[in-house]
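Q: My questions will all concern the structure given below.
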Amino acid sequence: MAGKVTVAFFMFAMIAFLANFGYVECNPAIATGYDPMEICIENCAQCKKMLGAWFEGPLCAESCIKFKGKLIPECEDFASIAPFLNKL
């Protein structure tokens, strides 16, 4: 008797899992919403921490405000941070 209940429960769980398999999305940025300007300024701060005196953080933050967060800098992408680097 217990074996039949276990098998029935297992089958129900598998059917429920397979029925919902294609509908699950795990993207917290979309689920909670995000502000591109906030991400832009946070990335400027992160790049400043990583690159120190070689990175012009205030200039980066000003560009975030000027372009309303449309040009988000990526610290590991030279093309996106090139305008904010100085030669020392």
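Every residue, even glycine, has its Cβ placed from backbone N, Cα and C.
As annotated in Swiss-Prot:
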| type | residues | note |
| --- | --- | --- |
| SIGNAL | 1-26 | signal peptide |
| DISULFID | Cys40-Cys64 | disulfide bond |
| DISULFID | Cys44-Cys60 | disulfide bond |
| DISULFID | Cys47-Cys75 | disulfide bond |
Q: Taking the Cβ of Cys75 (disulfide bond) as the reference point, list residues of the same chain whose Cβ is under 8 angstroms away and which are at least six residues distant in sequence.
A: Asn43, Gln46, Cys47, Met50, Leu51, Ile81
Q: Sequence gap of 6 or more, C-beta under 8 Å: which same-chain residues meet both conditions with respect to Cys44 (disulfide bond)?
A: Gly57, Cys60, Ala61, Cys64, Pro73, Phe84
Q: Please classify the secondary structure at Cys75 (disulfide bond) using three-state DSSP.
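A: The residue in question, Cys75 (disulfide bond), is coil (DSSP, three-state).
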Q: Report the same-chain neighbours of Cys40 (disulfide bond): residues 6+ apart in sequence with Cβ closer than 8 Å to its Cβ, ordered by sequence.
A: Cys64, Gly69, Leu71, Ile72, Pro73
Q: Relative to the Cβ position of Cys47 (disulfide bond), how many further Cβ atoms are located within 10 Å?
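A: Cys47 (disulfide bond) is surrounded by 23 other Cβ atoms within 10 Å.
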Q: For Cys64 (disulfide bond), just count the other CB atoms lying within 10 A of its CB, please.
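A: Other Cβ atoms found within 10 Å: 23.
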